[in-house]
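*Asks:* My questions will all concern the structure given below.
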Amino acid sequence: DECFSPGTFCGFKPGLCCSARCFSLFCISLEF
């Protein structure tokens, strides 16, 4: 499935972020 890289605009589709979650409309990496 197609997904967005961290830092990419995700709108209201958090499930499309690759190994990241949608925060403030952008994919944020879960790694710290």
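Residue numbering: from 1, along the chain as shown.
Even glycines carry a Cβ here, placed using N, Cα and C.
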*Asks:* Candidates are C18, C22. Which one does Swiss-Prot pair with C3 through a disulfide bond?
*Replies:* C18
*Asks:* Around C22 (disulfide bond), how many other CB atoms lie within 10 A of its CB?
*Replies:* 19
*Asks:* Return only the integer: C-alpha distance in Å from P6 (4-hydroxyproline) to C27 (disulfide bond).
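*Replies:* The separation of the Cα atoms works out to 5 Å.
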*Asks:* In angstrom units, rounded to an integer, how far apart are the Cα atoms of C10 (disulfide bond) and C27 (disulfide bond)?
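*Replies:* So the alpha carbons of C10 (disulfide bond) and C27 (disulfide bond) sit roughly 6 Å from each other.
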